[in-house]
Amino acid sequence: MGMRMMFTVFLLVVLATTVVSFTSDSAFDSRNVAANDKVSDMIALTARRTCCSRPTCRMEYPELCGGRR
């Protein structure tokens, strides 16, 4: 193969890798959003349980435990 042909093959490989990487990142990002939502929900639930089990915290943040101010 000549130098020009090798350079063309190199460019095609780089382009193909870029396209595959870009589409994989988009799919990965949407999965990350769902995972981050689950983690946020778990953190909120843990904080709520911890706070509601302590009287001083429950009085300070009644909206977490279903109470009103």
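Note: Cβ is positioned from N, Cα and C throughout, glycine not excepted.
If you look up Swiss-Prot, you'll see C51-C57, C52-C65 marked as disulfide bond, on the strength of experimental evidence. Summarising the annotation, Swiss-Prot assigns 4-hydroxyproline to P55. What Swiss-Prot records for E60, E63 is 4-carboxyglutamate. Look at Swiss-Prot and you will find G66 tagged as glycine amide, backed by experimental evidence. Annotation comment: Swiss-Prot describes 1-21 as signal peptide, evidence class sequence analysis.
Annotated features taken from Swiss-Prot, shown on the structure.
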| residue | record | DSSP (3 states) |
| --- | --- | --- |
| C51 | disulfide bond | helix |
| C57 | disulfide bond | helix |
| E63 | 4-carboxyglutamate | coil |
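Cα of C65 (disulfide bond) to Cα of C57 (disulfide bond): a span of 10 Å. Note: the CA-CA distance between P55 (4-hydroxyproline) and E63 (4-carboxyglutamate) rounds to 13 Å. Residue pair E63 (4-carboxyglutamate) / C51 (disulfide bond) shows a Cα separation of 11 Å. Between the C-alpha atoms of C57 (disulfide bond) and the residue listed as 'glycine amide', the distance comes to 13 Å.
Between C52 (disulfide bond) and E60 (4-carboxyglutamate), the C-alpha separation comes to 10 Å. On a Cα basis, G66 (glycine amide) lies 12 Å away from E60 (4-carboxyglutamate).
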